[in-house]
Each structure stands twice: as C-alpha cells, then as structure tokens.
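Now, the feature entries from TrEMBL:
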- 4-62: domain 'Tudor' (DOMAIN)
- 51-110: region 'Disordered' (REGION)
- 55-75: compositional bias 'Low complexity' (COMPBIAS)
- 76-95: compositional bias 'Basic residues' (COMPBIAS)
- 99-110: compositional bias 'Basic and acidic residues' (COMPBIAS)
- 214-236: transmembrane segment (TRANSMEM)
- 256-279: transmembrane segment (TRANSMEM)
- 300-319: transmembrane segment (TRANSMEM)
- 331-350: transmembrane segment (TRANSMEM)
- 461-481: transmembrane segment (TRANSMEM)
- 487-506: transmembrane segment (TRANSMEM)
- 527-548: transmembrane segment (TRANSMEM)
- 568-587: transmembrane segment (TRANSMEM)
C-alpha cells in the first residue's frame with residue numbers, strides 16, 4: 001500500500017462514485033493488484049474506490065452555505081449530484097438560491113417564448129400561402145370554395161390565439177430545439193446513468209475474490225494431490241492389523257489399484273443415479289435468486305431415487321449377488337471414483353470458459369487457473385435441465401455411502417462367520433442411514449446452502465461428493481470389518497442418546513433457518529425475533545440461532561462423535577472423521593463469518609454482539 005494513503009481501519013474522506021462529494025468512510029482493505037480500496041460508509045455500504053478518490057480528513061474544511069450570487073450552472077450541477085446513502089431524500093428545506101433559480105428559469109422560458117413567436121407566425125404564413133390547392137384545402141365544410149382572403153384571416157387568428165406553450169412546442173418539434181429545463185433534465189438523467197454504470201463497474205471489479213481461500217494458488221495446487229493421498233492413506237491404514245499412526249502402511253503395486261471392471265461398475269452406478277434423477281416424479285421448486293435475479297428450477301426426487309436404489313440392491317441380493325465385492329475391491333473403487341472426478345473437473349472448467357460473466361461463481365472467478373479449477377469457475381453448470389452440481393451433491397456419493405456401509409456389514413458377517421451383524425456395526429449403519437435419509441427427505445433445504453448458492457462446481461466439490469463422502473464417511477464401518485469391537489447394551493444405549501441429541505439440534509436448527517428463509521411471515525415462526533438487514537433478509541436472534549451462530553454445525557459434530565464411539569478407543573483412526581469434521585466446520589464458519597460481514601454490514605456486527613458464541617457455547 002502506498003505510504004501516502006491510509007491504513008486499514010483508518011477513517012478518511014471518500015468520494016461517492018459519479019459525484020464530487022466526499023463522505024466519511026472507513027478503510028477496510030486494499031487490493032494490491034487492482035489498486036482499489038474497500039471502504040465502508042456510515043450506513044454499512046461497502047464500495048471499492050480508487051486511490052485518487054480518497055483524501056485525508058485534514059484536507060477538508062467546513063464549507064459555508066452558498067450565497068445568492070452562485071451561478072446557475074453551479075446550482076444546476078449541484079442538483080445533478082448523486083446522494084450519499086446516508087443522506088435522507090425527504091425533509092430537506094429549499095434554500096433561497098434554489099427558489100431564485102426557479103424564478104430565473106421561468107423568466108428565461110418566457111423570453112424564449114417571446115423570441116419564438118415571430119418565427120412561428122412567419123412559419124404559419126409561409127405554410128398557408130405556399131400550399132398547393134387541393135380538394136381538402138380549397139373547400140369549406142359545405143363544399144363551397146374558400147377565398148384567399150379567408151386564408152389571410154385564418155393566419156391573423158392563428159397569430160392572435162397561439163399560446164406560448166403551443167409555440168414553444170412547435171418550434172421544438174420542427175427545429176429539434178430544447179429549453180434549458182430539458183437540457184438540465186437530460187444532464188441529470190445522464191449523470192444518474194453514469195453513476196449507475198460506475199457502481200456496476202465497481203461491483204463487477206469487487207465481485208472477484210480479494211482473499212483467496214485454502215492458501216491461494218499454492219495451497220489449492222497442493223490440495224489437488226493431498227486430498228486423494230489422504231483418502232488412500234486412510235483406506236490402507238484400515239487394512240492393517242495395527243492401524244496406529246506410527247505404523248505407515250506399505251504401498252501397493254500400481255497395477256493392483258486399477259481394474260477396468262471396477263471402473264465400469266462405478267460408471268454404471270453413476271448413470272443409474274442420473275436415470276433416477278431425470279425421472280419425471282417429485283415436485284419442481286425454485287432455488288434462491290441468483291445475482292442476475294433469475295431463479296433456477298430443481299426437481300425434488302432424491303428420496304424416490306433412494307427407494308429405487310434400495311429396490312435394485314434388494315433384487316441383486318435376491319439373485320445372490322455378493323455385495324461384499326465392494327469390500328474386496330474397495331481401494332480400486334476409490335481410485336476409479338478419483339479418476340472420474342478428475343475427468344469431470346477438467347470438463348467443468350473447459351465448459352466454464354464459455355459461460356457468461358453472470359453465471360460464474362463469486363468465489364471461483366479469481367483469474368488464476370489452478371485456484372478457479374479447484375474452487376469451481378461456473379456456479380450452476382447445466383446440460384439442459386440436468387444440474388450437475390445439484391445432482392452430485394446428494395445422489396451418487398451420499399446414496400453410495402449407504403450402499404458401502406451395507407457391503408461392510410455383509411463382509412463382516414462373512415469374514416467372522418456371524419449370523420447377525422455386531423452391535424457396533426448395527427449402530428454405525430443405523431446412525432449414518434438416518435443422516436442420509438434425513439438429507440434426502442429434506443432435499444429442498446440443500447438449495448439454501450453455500451454449496452449451491454455461492455460455491456462453483458470444480459475439483460473441490462466433485463472430489464468431495466464422489467470420493468470423500470462415500471469412502472471417508474464410511475471409514476468407521478470399514479474399520480469394524482478388520483477390527484471388531486464388542487460393546488454392551490447400556491453403552492449402546494448411551495451412544496444412541498448422544499446421536500439423538502446431535503440429530504435433534506442439527507435438524508431443528510436447519511428447519512428453523514430454512515422455514516424462515518422461505519417464508520418469514522409464517523405464523524408458526526411468529527415467536528422468533530430477528531435483526532432486519534439492508535438486503536431485506538433477517539438474522540434470527542432467538543431459537544437455536546440465538547444460542548450460537550451455527551447450531552447446525554454443533555449438531556453435526558455431536559453426531560460425528562456418536563458414529564465413532566462404537567469403534568472403541570484402541571486406535572485414533574476411527575476418530576479421524578471427528579477431527580476432520582471439526583476442522584472443516586471451523587473453516588466453513590470462518591468463511592461464513594467473512595461472507596455475512598460483507599453481505600449484511602452493520603447488521604451482522606449487531607448480530608455478533610447479541611450472539612457471541614460461534615459453534616460451541618461458552619467455548620468458541
């Protein structure tokens with residue numbers, strides 16, 4: 001940042017775009033690349049200003065009121081200036097100079113009218129004497145010929161009866177003249193259009209992310225390799241007899257990680273879920289408005305897809321298909337899913353290069369290839385009505401998670417010669433099945449999440465939906481196959497209570513938020529209090545959202561703990577999911593805080609004062 005300019009947090013004077021007026025603003029950040037200052041006005045409005053538009057407060061002195069000798073042009077320009085967001089439009093008293101200005105304009109209009117009168121009379125006479133005789137202008141209404149004297153008389157009558165407004169109007173029409181009032185109005189309209197264009201340009205410039213997430217270009221480049229490596233490391237650890245962190249697993253041969261048949265089964269699974277998604281069943285709803293004001297339509301049939309998948313799995317088991325094949329080739333399925341997600345990410349980025357500006361994701365439009373490839377360049381990539389991001393969010397990965405858990409349950413019974421699954425495996429399958437069914441039953445609530453409304457569809461979501469969710473979230477079930485854990489019924493009951501508490505917090509908090517967003521005037525929500533924002537939305541300060549800022553994250557973490565407890569305490573590996581979930585939600589919470597602060601301004605600061613705890617009450 002240049003030394004002559006202000007530092008972050010300093011109060012300076014900033015010029016309002018499209019005007020010469022300066023207002024008191026606070027510098028929040030500076031973009032070294034675009035050389036723009038992000039400043040906040042007193043009403044919470046945030047804009048990006050150039051260096052030349054910012055001055056120190058010491059360079060301004062209190063201005064005296066304008067005298068009555070101010071020039072009309074100066075007064076005219078003062079009226080065309082745009083108002084600051086903090087200045088009220090009503091209740092402003094008119095000054096003496098403004099009233100004199102109106103009188104001057106009226107006198108000048110009368111003068112212009114008196115000057116135009118002889119011209120109009122001469123034009124009227126010229127038109128009447130130079131017109132060629134025709135049937136229409138040489139006969140009266142009764143059909144008798146009219147004399148030339150009558151034409152002269154009509155000209156005299158016209159000269160006497162013409163009014164100033166009519167004369168001015170005819171002169172303006174024939175000679176394209178404009179009065180000073182029209183010129184002033186035109187200048188005001190032009191000034192407003194210029195201001196609007198300037199603000200739109202600033203918004204477009206500020207729409208690009210100023211702070212890159214995940215360590216920027218270098219961080220996202222490393223994550224593209226680190227995330228698949230983490231998945232393969234966890235799966236190899238679960239296969240070991242001693243899955244301690246210090247016991248690094250031996251690397252398998254590369255040729256053993258790939259099998260064409262496994263990749264074909266994965267493609268068949270993906271296409272089967274596409275078929276279920278395209279079935280014309282379930283209601284069609286509209287998503288939240290995009291930046292362009294457009295609302296996309298989504299078909300809500302995820303729960304039907306789950307029922308059809310369960311029926312298909314039941315048919316396979318009836319014909320004695322060995323579902324534990326998934327356990328035997330688990331690593332190969334993970335590699336196939338990773339290869340497919342990488343290919344899908346490349347396709348998504350290539351097609352996003354032709355997408356219009358308004359269809360790009362706010363967070364994935366940085367201009368850096370690696371970063372935009374990871375975050376996702378296009379917000380809602382679609383092929384016709386097939387929304388690829390929305391489809392991958394809930395279908396192949398989430399439903400696949402349940403299928404994998406079932407395969408692990410059958411593998412445990414076969415390997416350990418059990419007639420019924422272990423109590424630990426039943427708890428893990430039941431808890432996670434409840435979570436998946438809840439997500440599919442409340443599928444419409446996904447439309448209000450940041451994954452749909454803010455994040456683009458790139459490698460991060462493609463790999464997360466198709467690889468991370470089914471193969472990492474099923475880690476507890478995979479662990480129990482090779483490391484059976486015996487628990488008693490009282491312990492199982494206690495773990496069940498923990499899961500129910502987490503689920504209740506998670507579901508009730510999400511329901512409050514989604515219902516309030518959809519219909520704030522719902523009588524069922526009359527007991528909820530909120531803080532109004534400049535965007536027209538409200539911030540809940542009662543209920544779960546008055547307890548902590550992100551109660552749904554609190555419920556998620558409690559449930560994740562309940563999923564890991566059936567695995568015992570011999571190794572930390574089953575609790576990786578809990579550690580990961582805490583880190584993920586803390587990162588998401590920090591991102592949500594930054595996003596909400598920019599979006600809601602002062603209202604968000606008031607909300608944070610009312611609700612000081614973020615996720616954990618009295619802790620964080």
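Residue 1 is the first one shown; counting continues down the chain.
From the backbone N, Cα and C atoms, a Cβ is placed for every residue, glycine too.
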Residues from the same chain, set at least six apart from the ends of the transmembrane segment (527-548), whose C-beta lies under 8 A from its own:
43-45, 505, 508-509, 512-513, 516-517, 520, 554, 599-601, 603-604, 606-607, 610-611, 613-617
Please work out the helix, strand and coil residue numbers for the domain 'Tudor' (4-62) from the DSSP assignment.
6 helix, 27 strand, 26 coil
Near the transmembrane segment (214-236), which residues from the same chain, at least 6 beyond its ends, have a CB less than 8 A from one of its CBs?
249, 251-252, 330-331, 334-335, 338, 368, 370-371, 373-375, 459-460, 463, 467-468, 471-472, 475, 478, 573, 576
Count, for each of 256-279, 300-319, 331-350, 461-481, the Cβ pairs lying under 8 Å from the transmembrane segment (568-587), and report the range with the highest count.
461-481
Ranking 256-279, 331-350, 461-481 by Cβ pairs under 8 Å to the transmembrane segment (300-319), which is first?
256-279
Might you confirm whether the transmembrane segment (256-279) is in contact with the transmembrane segment (331-350), defined here as three or more C-beta pairs under 8 A between residues 6 or more apart in sequence?
yes
Average pLDDT across the domain 'Tudor' (4-62)?
78
